[in-house]
């Protein structure tokens, strides 16, 4: 980081923290008591603060990473400041830990952008900084900085894990990956993605060598062949690579720390009879393929300022014209998946405190044909998603898509929080947008954040059978 850029970024981090503290104060002042999932997380963290590590709330489904980190942060502060009484491990104190994670996320996003866009380093200081700031205020993630949820810590450790992978510190990366899994078990998918990038790099290298030998310039390693012959070629090459002892050995020599983490997770799954701890009734896996379509639509909306333009729409129409049979096939498969594999979680239909409840009721339940009529939107969103990543290599793209499927499809509940990490990974690997586009993106995120926080604070309501104040949230 150059000296001038360092000063700018430091000032930005300080301003971001100050504004976040002011918003944190407003939220905590209005909602002093634990809210929603906090009614489980806060008491559990307070037990850990009191040293009662053998007590566990069976309604909590994640591992105790959040509570362990919280105790590790709060206890030294309490000792140094000589704090006593109710303030120690209070709801506000626990929530404040996520503001610290937010600062870390901003810094990690900046470092990741610098590392991933080295070729674009000339005259991009402002673009790198604004990209990091914009992504750190990504609405779904930013909102949960003010509540005691696992999202901020989970995202922090996943980003840290990936950064260490990019720097080649694979032992440290694997250790950080374990920390991320302690926050949320499904983060093992993104630990696998870190390992997958190493495998992809080896496969890209082998693919380039093979293509140069054959003098075949029609299938560059940066693009996925969309023909049957091209797909067959890729499948055969992948099978040949993965069954070659020398290739497997070369991969394991680099990726063995991730393999150890993966093996440990398998052992945990076997001993625990599944990856969920505590209440499992509401976290049953299923093949909910439309979850991928929901994610693509979600991504299209939030990346609209940086991923879509008039020229890209024209490119889509040209692709539609040239490959109409392929798009007809994709549309047909998508219709089939929507028809046969749409699952609706009971929470989505019953809990009117979450925004997805209203998306589902106002849109998907407005008419039984709506879910099918939206398929063309899904197809365009999917094309835009892949086109935005076309600068990435073939096997990296395949590794990312495999992890994206694993992270979205098994989820029965439509929950926007599950889209945070895959969205950030997608957005980080896009080419750096121009300053005007970044400005529009940041403005969009700011407006959405302001609206959601304002609604949370001011638009309260009550259930007929409960005196508690209810609030709207992601």
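Just so it is clear, glycine is given a Cβ too, placed from its N, Cα and C backbone atoms.
Annotations in TrEMBL come from automatic prediction, not curation.
Here is what TrEMBL records for this protein:
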| type | residues | note |
| --- | --- | --- |
| TRANSMEM | 6-27 | transmembrane segment |
| TRANSMEM | 66-93 | transmembrane segment |
| TRANSMEM | 99-118 | transmembrane segment |
| TRANSMEM | 130-150 | transmembrane segment |
| TRANSMEM | 156-183 | transmembrane segment |
| TRANSMEM | 251-271 | transmembrane segment |
| TRANSMEM | 291-313 | transmembrane segment |
| TRANSMEM | 325-349 | transmembrane segment |
| TRANSMEM | 369-386 | transmembrane segment |
| TRANSMEM | 393-414 | transmembrane segment |
| TRANSMEM | 434-457 | transmembrane segment |
Review point. Of the stretches 6-27, 251-271, 291-313, 434-457, which racks up the most C-beta pairs under 8 Å with the transmembrane segment (369-386)?
Key: 291-313
Check your understanding: Considering pairs 6 or more residues apart, do the transmembrane segment (130-150) and the transmembrane segment (434-457) have at least three CB pairs under 8 Å?
Key -> yes
Review point. Have the transmembrane segment (434-457) and the transmembrane segment (6-27) got at least three CB pairs under 8 Å, pairs 6 or more apart in sequence?
Key: yes
Exercise for review: Using a Cβ distance cut-off of under 8 Å, indicate which of 6-27, 66-93, 251-271, 291-313, 393-414 has the most pairs with the transmembrane segment (325-349).
Suggested key: 393-414
Exercise for review: Would you mind listing the long-range same-chain contacts of the transmembrane segment (6-27), meaning Cβ under 8 Å and 6+ residues beyond its ends?
Suggested key: 95-96, 99, 102-103, 106-107, 110, 125, 129, 132-133, 136, 145-147, 453, 456-457
